[in-house]
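Heads up: the structure comes next, in structure tokens.
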Amino acid sequence: MEWLNVLESHGQALLGPVAWMVVWSLVKIVVIAVPIILCVAYLTYWERKMIGAMHVRLGPTRVGFKGLLQPFADVFKLLTKEVVVPSAANKVLFVVAPVVTLMPALAAWAVVPFGPEVVLANVNAGLLYIMAITSIGVYGVIVAGWASNSKYAFLGALRASAQMVSYELAIGFVLVSVLLVSGSLNMSEIVLGQGRGWFAERGLTFLSWNWLPLLPLFIIYVISAVAETNRHPFDVVEGESEIVAGHMVEYSGMAFALFFLGEYANMILLSCMAAIMFLGGWMSPIDIAPLNWIPGWIWLGIKTFCVVSMFVWFRASFPRYRYDQIMRLGWKIFIPLTGVWLVVLAIWMQTPWNIWR
């Protein structure tokens, strides 16, 4: 990272320390936010292609080679549509709600490590920051349902908020379990902790990652992440046969697109968190020279892509659950299970068989 130090010294000399700090912060935000938005655009393309393949269809093929420009066509379509604000709606809150939904999904990336030293803010409470910032998104959903002054929107917002809060508890217990075995809230240290152990010393790094000893928690985390993002088969929030588009039913144009962007950005974020906490983050699966030459951010991207593809696979494979089944799964199965596993881990770590020493 020598070139970064040179760039920083020249920037401070040219603009002054305060102005350079502001400019450099904006540059880092753009460098992270723009690729995330592009990833969201092409996640929609991959979702349609993957589901099409599972249904023995072609998916989008019209715009660009193999439909590669379809996401840009969708963005252009939404940009040209009128944003209609219902006459009975609270106009200020109606406009603010989509922004409140999207911003936490982008702000959370500030502490996500893409490599050993590639992170916007390497804070010691990174995991706590992620837990706090991602819980704010539910307020955008509640505000959207209330501000729309529509029965369908309000019912959808109630469903969404209850579902998101329920599964946030299960995810929270899983994160506490990872904190327990890692001994740190720092995201980079959580990744580095997975590179130690008997298997890692013999080059089989992928067997030292947390997914193996914490396999039940990994499964619970992935399913809870699907429910947290209101994705199929937990998408009763947008049940077309019941409440149409839920809290988004009165939105159109770019206001609707911001909700859409927030949902897919959360999918990528939670998938990246799964890669960091359970799949070794930026580390290669086997400690050999050809794989170690591949940059860490590529390994993190591959692992995130695999978890995101599981979201799409669930959508194409499973029928929608009833609302009462979703709440029962969260409160009566996942939360008690994660609580029990937390106790089991605490006891395990006090025994001679503690593998995280």
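Heads up, the Cβ atoms here are built off N, Cα and C, so glycines get one too.
Feature list (source: Swiss-Prot):
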- 18-38: transmembrane segment (TRANSMEM)
- 92-112: transmembrane segment (TRANSMEM)
- 127-147: transmembrane segment (TRANSMEM)
- 165-185: transmembrane segment (TRANSMEM)
- 206-226: transmembrane segment (TRANSMEM)
- 268-288: transmembrane segment (TRANSMEM)
- 294-314: transmembrane segment (TRANSMEM)
- 329-349: transmembrane segment (TRANSMEM)
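A contact links the transmembrane segment (329-349) to the transmembrane segment (206-226), because at least 3 Cβ pairs that are 6 or more residues apart lie under 8 A. For the transmembrane segment (294-314), the partner stretch with the highest count of Cβ pairs under 8 angstroms, out of 92-112, 127-147, 165-185, 206-226, 268-288, is 268-288. For the transmembrane segment (165-185), the partner stretch with the most Cβ pairs below 8 Å, chosen from 18-38, 92-112, 127-147, 206-226, 268-288, is 206-226. Within the same chain, residues 32-33, 36, 85-86, 119-123, 126, 129-130, 133-137, 139-141, 143-144, 146-148, 187, 250-251, 255-256, 258-259, 261-262, 265-266, 269, 272-273, 276 sit at least 6 positions outside the transmembrane segment (92-112) and bring their C-beta atoms closer than 8 Å to a C-beta of that stretch.
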